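A quick write-up on the structure given underneath.
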Amino acid sequence: MNIILIGFMGTGKTVVGQKLAHDLGWNYLDTDELIEQTEKLDINEIFSQKGKVYFRQLETRTLATLKDCDRSVVATGGGIVLLTENVKMAKQLGPLVLLWADPLEIFERVKGDTSRPLLKVADPLSAINKILSARQPAYEQAADYKIETTRLTITEVVEEIKKCLKLKLP
(Lines of atoms letter the chains of each structure in order from A and count residues from 1; the text may use other names and numbers.)
(Lines give C-alpha, C1' and ligand atoms only; values in the text may rest on other atoms or scores of the structure.)
Protein backbone atom coordinates (compact mmCIF):
# COMPACT_ATOMS: atom_id res chain seq x y z
CA MET A 1 0.00 0.00 0.00
CA ASN A 2 1.01 3.59 -0.68
CA ILE A 3 -0.55 6.91 0.27
CA ILE A 4 -0.95 9.48 -2.48
CA LEU A 5 -1.24 13.13 -1.45
CA ILE A 6 -3.07 15.43 -3.84
CA GLY A 7 -4.01 19.09 -3.60
CA PHE A 8 -3.10 22.62 -4.56
CA MET A 9 0.30 24.13 -3.86
CA GLY A 10 0.70 25.31 -0.30
CA THR A 11 -1.69 22.79 1.22
CA GLY A 12 1.14 20.85 2.86
CA LYS A 13 1.75 17.88 0.55
CA THR A 14 5.54 18.04 0.84
CA VAL A 15 5.97 18.68 4.57
CA VAL A 16 3.08 16.42 5.56
CA GLY A 17 4.28 13.70 3.18
CA GLN A 18 7.80 13.80 4.59
CA LYS A 19 6.59 13.60 8.20
CA LEU A 20 4.02 10.90 7.47
CA ALA A 21 6.61 8.78 5.66
CA HIS A 22 9.07 9.27 8.52
CA ASP A 23 6.48 8.36 11.16
CA LEU A 24 5.46 5.21 9.27
CA GLY A 25 8.99 4.19 8.33
CA TRP A 26 7.99 4.41 4.66
CA ASN A 27 9.66 5.96 1.62
CA TYR A 28 8.82 9.51 0.62
CA LEU A 29 8.49 10.33 -3.07
CA ASP A 30 7.60 13.62 -4.75
CA THR A 31 6.48 13.43 -8.38
CA ASP A 32 7.79 16.94 -9.12
CA GLU A 33 11.22 16.01 -7.72
CA LEU A 34 11.25 12.80 -9.76
CA ILE A 35 10.40 14.78 -12.90
CA GLU A 36 13.15 17.32 -12.18
CA GLN A 37 15.69 14.51 -11.72
CA THR A 38 14.66 12.82 -14.97
CA GLU A 39 14.53 16.02 -17.03
CA LYS A 40 17.51 17.72 -15.34
CA LEU A 41 15.42 20.90 -15.30
CA ASP A 42 13.31 22.44 -12.57
CA ILE A 43 9.54 22.55 -12.94
CA ASN A 44 9.52 26.24 -13.97
CA GLU A 45 12.05 25.54 -16.71
CA ILE A 46 10.04 22.58 -17.98
CA PHE A 47 6.89 24.72 -18.14
CA SER A 48 8.62 27.65 -19.84
CA GLN A 49 10.73 25.60 -22.28
CA LYS A 50 8.47 22.66 -23.08
CA GLY A 51 4.97 23.70 -22.02
CA LYS A 52 2.16 22.51 -19.81
CA VAL A 53 1.06 19.65 -22.09
CA TYR A 54 4.57 18.18 -22.04
CA PHE A 55 4.71 18.53 -18.26
CA ARG A 56 1.38 16.71 -17.83
CA GLN A 57 2.77 13.89 -20.01
CA LEU A 58 5.80 13.73 -17.71
CA GLU A 59 3.48 13.40 -14.72
CA THR A 60 1.75 10.48 -16.40
CA ARG A 61 5.06 8.78 -17.21
CA THR A 62 6.30 9.37 -13.66
CA LEU A 63 3.20 7.80 -12.12
CA ALA A 64 3.67 4.80 -14.42
CA THR A 65 7.19 4.28 -13.03
CA LEU A 66 5.76 4.00 -9.51
CA LYS A 67 3.54 0.98 -10.27
CA ASP A 68 5.72 -1.39 -8.25
CA CYS A 69 6.14 0.94 -5.26
CA ASP A 70 4.97 -0.16 -1.86
CA ARG A 71 5.01 1.52 1.53
CA SER A 72 5.59 4.96 0.03
CA VAL A 73 4.02 8.32 0.66
CA VAL A 74 3.80 10.11 -2.70
CA ALA A 75 3.35 13.88 -2.88
CA THR A 76 2.02 14.88 -6.29
CA GLY A 77 2.04 18.07 -8.29
CA GLY A 78 -1.00 20.30 -7.85
CA GLY A 79 -2.39 19.60 -11.31
CA ILE A 80 -1.86 15.86 -11.47
CA VAL A 81 -5.60 15.18 -11.06
CA LEU A 82 -6.44 17.16 -14.20
CA LEU A 83 -5.91 14.08 -16.37
CA THR A 84 -8.23 11.11 -15.82
CA GLU A 85 -5.40 8.75 -16.76
CA ASN A 86 -3.29 10.14 -13.90
CA VAL A 87 -6.10 9.68 -11.39
CA LYS A 88 -6.60 6.06 -12.48
CA MET A 89 -2.89 5.29 -12.16
CA ALA A 90 -2.62 7.06 -8.81
CA LYS A 91 -5.59 5.12 -7.43
CA GLN A 92 -3.87 1.86 -8.39
CA LEU A 93 -0.98 2.92 -6.15
CA GLY A 94 -3.11 3.62 -3.09
CA PRO A 95 -5.73 5.90 -1.56
CA LEU A 96 -5.72 9.53 -2.67
CA VAL A 97 -5.74 11.97 0.25
CA LEU A 98 -6.71 15.52 -0.68
CA LEU A 99 -5.06 18.21 1.41
CA TRP A 100 -7.21 21.33 1.27
CA ALA A 101 -6.73 24.87 2.57
CA ASP A 102 -8.44 28.23 2.25
CA PRO A 103 -7.06 30.40 -0.60
CA LEU A 104 -5.87 33.12 1.79
CA GLU A 105 -4.01 30.54 3.89
CA ILE A 106 -2.41 29.11 0.75
CA PHE A 107 -1.30 32.60 -0.24
CA GLU A 108 0.19 33.23 3.21
CA ARG A 109 2.08 29.93 3.09
CA VAL A 110 3.61 30.43 -0.36
CA LYS A 111 3.93 34.20 -0.82
CA GLY A 112 7.67 34.23 -0.07
CA ASP A 113 8.44 31.41 -2.52
CA THR A 114 9.90 33.02 -5.62
CA SER A 115 10.11 29.68 -7.45
CA ARG A 116 6.36 29.52 -8.00
CA PRO A 117 5.35 31.08 -11.34
CA LEU A 118 1.76 31.53 -10.16
CA LEU A 119 2.99 34.14 -7.69
CA LYS A 120 4.69 36.19 -10.41
CA VAL A 121 1.46 37.92 -11.41
CA ALA A 122 -0.06 41.27 -10.41
CA ASP A 123 -2.62 39.70 -8.06
CA PRO A 124 -1.47 36.26 -6.87
CA LEU A 125 -4.37 35.82 -4.43
CA SER A 126 -6.87 36.24 -7.28
CA ALA A 127 -4.88 33.77 -9.37
CA ILE A 128 -4.93 31.26 -6.49
CA ASN A 129 -8.70 31.71 -6.08
CA LYS A 130 -9.33 31.27 -9.80
CA ILE A 131 -7.19 28.16 -10.27
CA LEU A 132 -8.34 26.57 -7.01
CA SER A 133 -11.99 27.06 -8.00
CA ALA A 134 -11.34 25.54 -11.42
CA ARG A 135 -9.54 22.53 -9.97
CA GLN A 136 -11.80 21.87 -6.98
CA PRO A 137 -14.18 19.51 -8.83
CA ALA A 138 -11.24 17.40 -10.07
CA TYR A 139 -9.72 17.29 -6.58
CA GLU A 140 -13.01 16.33 -4.95
CA GLN A 141 -13.80 13.66 -7.53
CA ALA A 142 -10.34 12.09 -7.32
CA ALA A 143 -10.03 12.11 -3.52
CA ASP A 144 -10.73 9.10 -1.36
CA TYR A 145 -10.25 11.27 1.74
CA LYS A 146 -10.13 15.02 2.32
CA ILE A 147 -8.21 16.75 5.10
CA GLU A 148 -8.76 20.46 5.75
CA THR A 149 -5.27 21.77 6.61
CA THR A 150 -6.00 25.47 7.08
CA ARG A 151 -5.89 25.51 10.87
CA LEU A 152 -3.93 22.33 11.55
CA THR A 153 -0.26 21.81 12.32
CA ILE A 154 1.77 19.38 10.25
CA THR A 155 1.57 16.82 13.06
CA GLU A 156 -2.22 17.23 13.29
CA VAL A 157 -2.60 16.69 9.54
CA VAL A 158 -0.44 13.55 9.74
CA GLU A 159 -2.55 12.24 12.63
CA GLU A 160 -5.76 12.93 10.66
CA ILE A 161 -4.42 10.96 7.70
CA LYS A 162 -3.42 8.04 9.92
CA LYS A 163 -6.85 8.12 11.55
CA CYS A 164 -8.65 8.16 8.17
CA LEU A 165 -6.56 5.26 6.90
CA LYS A 166 -6.52 3.48 10.26
CA LEU A 167 -2.72 3.36 10.22
CA LYS A 168 -0.60 2.53 13.21
CA LEU A 169 3.03 3.41 13.74
CA PRO A 170 5.43 0.52 13.11
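Note: Cβ is positioned from N, Cα and C throughout, glycine not excepted.
What TrEMBL records for GLY10, THR11, GLY12, LYS13, THR14, VAL15, ARG116 is ATP binding site. The Mg(2+) binding site annotation in TrEMBL covers THR14. Residues or ranges marked as substrate binding site in TrEMBL: ASP32, ARG56, GLY78, ARG135.
Checked against ARG116 (ATP binding site) by C-alpha proximity, the binding-site residues ARG56, GLY78, ARG135 yield GLY78 as the nearest.
Spacing of GLY78 (substrate binding site) relative to THR11 (ATP binding site) is 9 Å (Cα to Cα, whole number).
Listed in sequence order, LEU99, ALA101, THR149, ILE154, VAL157 are the same-chain residues six or more apart from GLY12 (ATP binding site) with CB atoms under 8 A from its CB.
Minimal Cβ crowding within 10 Å, among the binding-site residues GLY10, GLY78, is found at GLY78. When the record's ATP-binding residues GLY10, THR11, GLY12, LYS13, THR14, VAL15, ARG116 are compared pairwise by CA position, the greatest distance found is 17 Å. Same-chain residues with CB within 8 A of the center of the GLY10, THR11, GLY12, LYS13, THR14, VAL15, ARG116 CB atoms, the ATP site residues themselves not counted, are GLY7, MET9, VAL16, ALA75, LEU99, ARG109, VAL110. Listed binding-site residues: LYS13, ARG56, ARG116, ARG135; maximum Cβ neighbour count within 10 Å falls on LYS13. Taking only the Cα positions, the spacing between VAL15 (ATP binding site) and ARG56 (substrate binding site) is 23 angstrom. Here the binding residues for substrate are ASP32, ARG56, GLY78, ARG135. Their largest Cα to Cα distance works out to 18 Å. Per Cα geometry, ASP32 is the residue among the binding-site residues ASP32, ARG56, ARG135 nearest to THR14 (ATP binding site). There are 14 other Cβ atoms within 10 Å of the Cβ belonging to VAL15 (ATP binding site). Annotation for ASP32 (substrate binding site): same-chain Cβ neighbours under 8 Å, separated by at least 6 residues, are ILE43, ALA75, THR76, GLY77.
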